[in-house]
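Quick look at what TrEMBL lists:
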- B:40-151: domain 'PurM-like N-terminal' (DOMAIN)
- B:Asp42, B:Thr55, B:Asp86: Mg(2+) 4 binding site (BINDING)
- B:Asp42, B:Asp86, B:Asp237: Mg(2+) 3 binding site (BINDING)
- B:Thr56, B:Asp57, B:Asp134: Mg(2+) 1 binding site (BINDING)
- B:Asp57, B:Asp86: Mg(2+) 2 binding site (BINDING)
- B:His64, B:Glu290, B:Trp342: substrate binding site (BINDING)
- B:Tyr116, B:Gly133, B:Asp134, B:Arg160, B:Ser239: ATP binding site (BINDING)
- B:164-323: domain 'PurM-like C-terminal' (DOMAIN)
- B:Asp240: Mg(2+) 5 binding site (BINDING)
2 protein chains.
Amino acid sequence: MFSNTEDSKTKLSELGEFGLIDHLTKHFSIQQSSTLKSIGDDAAVLEHKDPIVVTTDMLVEGIHFDLSYSPLKHLGYKAVMVNLSDVYAMNAKATQITVSISCSNRFTVEALEELYAGIHHAASLYNIDVVGGDTTSAIKGLSISITAIGTAKKEKITYRSGAKPNDLVVVSGDLGSAFMGLKVLEREKEVFKVNPNSQPDLEKYTYLVERQLKPEARKDIPELLEKLGVLPTAMIDISDGLSSEIIHISKNSNVGANLFEDKLPMDPALIATCEEFELDSTTVVLNGGEDYELLFTIDQKDYDKIKGNPNLSVIGHITEAKEGIHLITRANQKLPIQAMGWNSMDKEEN
Amino acid sequence: MFSNTEDSKTKLSELGEFGLIDHLTKHFSIQQSSTLKSIGDDAAVLEHKDPIVVTTDMLVEGIHFDLSYSPLKHLGYKAVMVNLSDVYAMNAKATQITVSISCSNRFTVEALEELYAGIHHAASLYNIDVVGGDTTSAIKGLSISITAIGTAKKEKITYRSGAKPNDLVVVSGDLGSAFMGLKVLEREKEVFKVNPNSQPDLEKYTYLVERQLKPEARKDIPELLEKLGVLPTAMIDISDGLSSEIIHISKNSNVGANLFEDKLPMDPALIATCEEFELDSTTVVLNGGEDYELLFTIDQKDYDKIKGNPNLSVIGHITEAKEGIHLITRANQKLPIQAMGWNSMDKEEN
């Protein structure tokens, strides 16, 4: 034991599986009228009038997160966001999640409480119920597997496949920041390894780091589009990078696309930090992942409805499939867009 | 390389995440009319008229399975069964699953194909659709996280909480065999360690080993009960052992129970193998887990409807809560039943 605080930590084995789930979920309340039965039986029971959407994502320690700079509470929050983002990308409302966690005995009850505090915070803020869970041991590391359920009227559900030539390509928020937040955190980790007494001044990177560690899913965008009377023709969330996602929409819709470099939404902190790291900000915006913004296409007749909205940027338009997928640069060059994704970009640089 | 066959194995990185999911799920067809959209968008889209039940379970290498004696195809099959069993325990019909897998690079594409072949086989046989998936790297080991969805009319859904005094306690199939199958496999593993050339004769343990490695979920029981016109008052699946499950029903229903030792269903192979291992078969039946049989209670008036059915055994009756939960032995002793579960029993013995 290195400190007194360690003495007061509780081993997972002291509670056992059932005790642990009860303990971790006892503060969770039910907010959705569609939840007939939550945790506590062989299965949850849900009653939805409209079709449901179901999506699942697993986050694995050492692959998707690094606990040396990711606080457990943020990690719990992010694990929920990653899944809700997929629900919103169907133009649906998220309603329930199930959470499965496996972890080695290096994690204490208090550590899992932190993780669940983040999950609970996300569930409260986004008005979703945690209706099922499984907590199990692992030989090594921490994994979080979440399944999210949402609902939408059948005619509102938006697939990747509905984009048509001349549709406008729209994106919410700004892009690339989560990737640069990761770059900043990785640099600080290296500095810390060399000098554990360093006091990093991360203040100017606050926005970028927060985008990486505690992203928000765009619950507001389907709501906004509903209010504006806009039904997107295709939609996807940006988890792997803009290039990868526009290629998914193009392939699934059998169309092409032109995106305009000067329209890509970037935060000033992103531009400054790209300069500092000597990275091209357009490359980061195209290939940096984990922004969890929504990329969608709309019919041109809906342009006036979204025009000037600070949450939305029109970044291009859909073309015929044979025209391919291109970026029109500031210098008016036409460059083919290829899938890279942030994993690939990471590999190139490391 | 130790052999030529190894040369022809494909590294996971050769396919990439999207390629891998496409590759592994390309043979999966849609069988349920409630599946509007399966794999290939941000989320699956399902349309169920009746309420849905949702359950999730994670299997972790080194905790829930040992690849030294569990073939990957069987493992995939079992991972599906574990989840379907929870759906049937709600007296519901299973319709869809999502599958998330994380594994280290010691697994090849061919290994995951085996795993998915088992999942596919289970899905075909049990008439369910695999509608979502996530495949990701891990630093170490293999984890399988499955979420199962089912549906039932609201008035048919059976909880753990509906048992009433004088109800009969019924169990499907026989119990304890999966646990003894595990004992046999563990013994053979030890023998193999000492003498890798040993040729174990497992023939007389075939039933027990199959119950452990390739269990079947009791899809037929809700169908049978429907046909017989029996609505159980409470139901649970036997994953942790009969003791643990009758305690769950008793606590959730606020009742007690008497179970009769001479009524506990045991396979002849179980009895013989317990003798060989010098284990008490009643203890194994009460505390051995992973049988995935269904334990349920019915009103006495329904007794005639199930009487003599070879799939069902009446093993006791429900009492007032104050009477507690007891086993009435063959010698007519009344012993209190305590939760142990197979994990605890395992620990005691090892």
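Positions of Cβ are set from backbone N, Cα and C atoms, glycine also.
Here the binding-site residues are B:Thr55, B:Tyr116, B:Ser239, B:Glu290, and the ones sitting under 8 angstroms from chain A, going by CB atoms, are B:Thr55. Annotation note: B:Asp134 (Mg(2+) 1 binding site) sits in a strand segment as assigned by DSSP.
Note on the domain 'PurM-like N-terminal' (B:40-151): DSSP counts are 34 helix, 45 strand, 33 coil.
Among the binding-site residues B:His64, B:Asp86, B:Gly133, B:Arg160, B:Ser239, the ones whose Cα sits within 10 Å of the Cα of B:Thr56 (Mg(2+) 1 binding site) are B:Asp86. Annotated pair B:Tyr116 (ATP binding site) and B:Asp42 (Mg(2+) 4 binding site), C-alpha to C-alpha distance, rounded: 21 Å.
Counting only residues at least six positions away in the same chain, the Cβ atoms of B:Ile21, B:Thr98, B:Val99, B:Ser100, B:Ile101 sit under 8 Å from the Cβ of B:Asp134 (Mg(2+) 1 binding site). The two recorded residues, B:Glu290 (substrate binding site) and B:Ser239 (ATP binding site), show a Cα separation of 4 Å. Rounded to a whole value, the Cα-Cα separation of B:Asp237 (Mg(2+) 3 binding site) and B:Thr55 (Mg(2+) 4 binding site) is 12 Å. Considering only the binding-site residues B:Asp42, B:Thr55, B:Asp57, B:His64, no residue lies within 10 A of B:Ser239 (ATP binding site) on a C-alpha to C-alpha basis. Max Cα-Cα distance over the annotated ATP binders (B:Tyr116, B:Gly133, B:Asp134, B:Arg160, B:Ser239) is 32 Å.
Restricting the average to the domain 'PurM-like C-terminal' (B:164-323) gives a pLDDT of 96. If you take the Cα of B:Gly133 (ATP binding site) and the Cα of B:Asp57 (Mg(2+) 1 binding site), they are about 14 angstrom apart, rounded to a whole number. A gap of 12 Å separates the Cα atoms of B:Arg160 (ATP binding site) and B:Asp86 (Mg(2+) 4 binding site). Here nothing among the binding-site residues B:Asp57, B:His64, B:Asp240 falls inside 10 Å of the CA of B:Asp42 (Mg(2+) 4 binding site). Within 10 Å of the C-beta atom of B:Asp57 (Mg(2+) 1 binding site) sit 22 other C-beta atoms, taking all shown protein chains into account.
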